[in-house]
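J.: Per Swiss-Prot, the features are:
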- 1-16: signal peptide (SIGNAL)
- D44, D45, C84, D302, N303: Ca(2+) binding site (BINDING)
- C84: active site, nucleophile (ACT_SITE)
- C84: 3-oxoalanine (Cys) (MOD_RES)
- N117: N-linked glycosylation site (CARBOHYD)
- K137, S162, H251: substrate binding site (BINDING)
- H139: active site (ACT_SITE)
- N215: N-linked glycosylation site (CARBOHYD)
- N356: N-linked glycosylation site (CARBOHYD)
- N497: N-linked glycosylation site (CARBOHYD)
Amino acid sequence: MGWLFLKVLLVGMVFSGLLYPFVDFSISGETRAPRPNIVIILADDMGWGDLGANWAETKDTTNLDKMASEGMRFVDFHAAASTCSPSRASLLTGRLGLRNGVTHNFAVTSVGGLPLNETTLAEVLQQAGYVTAMIGKWHLGHHGSYHPSFRGFDYYFGIPYSNDMGCTDNPGYNYPPCPACPQSDGRWRNPDRDCYTDVALPLYENLNIVEQPVNLSGLAQKYAERAVEFIEQASTSGRPFLLYVGLAHMHVPLSVTPPLANPQSQRLYRASLQEMDSLVGQIKDKVDHVAKENTLLWFAGDNGPWAQKCELAGSMGPFSGLWQTHQGGSPAKQTTWEGGHRVPALAYWPGRVPVNVTSTALLSLLDIFPTVIALAGASLPPNRKFDGVDVSEVLFGKSQTGHRVLFHPNSGAAGEYGALQTVRLDRYKAFYITGGAKACDGGVGPEQHHVSPLIFNLEDDAAESSPLQKGSPEYQELLPKVTRVLADVLQDIADDNSSQADYTQDPSVTPCCNPYQITCRCQPGE
């Protein structure tokens, strides 16, 4: 075990017979008018084209497609960043990474997380009297006060980071494949640096590790059951509730086994997409059964598909980033091309959100924070600025106006982490830095700086294939506008009360339920 014996923090295991032993469902304080329950479901690495309602070629999302027909579908909805931790931090704070401090992903050994002076959506609603729960992927810090149990969630059940950041006994399908957890104390290591073999993937309930390694093949159903049970209990408490579900899907490894289990077959991805769709359907069915008239269900993706996983990655739909593919590399996850941050998104609230509506409003994950806070009758945290806006008028079909301007930060493909290198202005998009992420063929597009930005008209060129001619009147009219809005936001960020995340690493903070077992192995009942 080496350093595990000496350095890994021992996390005690407590197996409770009660599902929510630490959640207080009782009513306290004065009685208020009914406030909506909130269910946020965030898919992982799901492409815009993975939603059947978006892309006719997709036939595997019957529950989500039904939700789209019964609610609102957003076709110009964007992640706040193109990778996991920054996107999730922005969802929970309404602020870009340059403000909240989270500009790239946290590691298994990360000491820090989302800065503690940043206020999360769960903390705001908890203070407003909501009972709160998070189920699934967190990826905003797991050590000490960065754990979700200390960030506003009364209950937590899930994996603290991505489900490929630890070995398992049933490793599922990955590209390249990763081995199962070692069963002996040998020093063998997989030569692929993307595979984890030292420490098994942990499953938490509140502050306790309840399974390590987690059984990925049963994880989706566990998440569904915990979500359904929380909704059932919370709906009878007399208090409004917030449920945030961070899905393990569609991130590799894919754990389902379709009839023809060829690791290179798109059938694997489709089977996993169907499993995710079923999970979402179970949550929606429970909402419909116990809290239909007073619950907003908001579904979205955290970023685009992970193209380097080849056939185990999703579909960008028409947003193929052709200019970048001609330069090399992928225009999907980690990049500021549309395929990296334009994500599927749906809102469902019978009687409030109109039925079978497609919204073209320019929206972002950043907007969930201020919108939900407004619906809950709470107040935004003071002494800081927000990049998201209250879009409840859009949700209720009273407006098609969202943002006029969005900024897309570097998420690992080119440039400095978090830097605002791309500007969306109405139907136009300007790139000051371009670069491709690692593609299926292993290629990475070169980092290129554009003093005069590349500007694309997305209305005419969704594939981002041909930028405007720099000498054209259209380009010359746009250039000063783009330059000005970028300068304005950078000055606004400089004047803001911004945070800085701690990205230092220490092996001793690695989640481990039993450092005396190879890979920290322990199972329920041991």
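A Cβ is built for glycine as well, from the same backbone N, Cα and C atoms used for every other residue.
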J.: If the Ca(2+) site is taken as the center of the Cβ atoms of D44, D45, C84, D302, N303, which further residues of that chain fall within 8 Å of it by their Cβ?
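T.: Everything else in range on the chain: L42, A43, M46, A79, T83, S87, H251, G301, K333.
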J.: Within 10 Å of each Cβ, count the other Cβ atoms, then let me know which of the recorded positions N117, N303, N497 comes out lowest.
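T.: Taking N117, N303, N497 as the recorded positions, the minimal 10 Å Cβ count falls on N497.
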J.: Based on DSSP, name the secondary structure state of C84 (Ca(2+) binding site): helix, strand or coil.
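T.: DSSP call for C84 (Ca(2+) binding site): helix.
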J.: Cβ within 8 Å of the substrate site's Cβ centroid: which residues qualify beyond K137, S162, H251?
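T.: For the substrate site, the extra neighbours are D44, D45, C84, H139, I159, Y161, N163, D164, M165, G246, A248.
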J.: Look at the binding-site residues D44, D45, D302 and tell me which residue has the greatest number of other C-beta atoms within 10 angstroms of its C-beta.
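T.: Of the binding-site residues D44, D45, D302, the most buried by Cβ count within 10 Å is D302.
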J.: Report the member of K137, H139 (the recorded positions) whose C-beta atom has the most other C-beta atoms within 10 angstroms.
T.: H139
J.: What is the interatomic distance between the Cα atoms of S162 (substrate binding site) and N215 (N-linked glycosylation site), given in whole Å?
T.: 14
J.: So for H251 (substrate binding site), how many other CB atoms are inside 10 Å of its CB?
T.: 24
J.: Sequence gap of 6 or more, Cβ distance under 8 Å: name the residues on the same chain that satisfy this around N356 (N-linked glycosylation site), in order along the sequence.
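T.: Correct list: A68, S69, E70, G71.
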J.: According to DSSP, which kind of secondary structure is N356 (N-linked glycosylation site) found in, if we only use helix, strand and coil?
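T.: For N356 (N-linked glycosylation site) - judged by DSSP and reduced to three states - the answer is coil.
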J.: Would you list, in sequence order, the glycosylation sites among N117, N215, N497 whose CA lies within 10 Å of the CA of C84 (Ca(2+) binding site)?
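T.: Taking N117, N215, N497 one by one, none has a Cα falling within 10 Å of C84 (Ca(2+) binding site).
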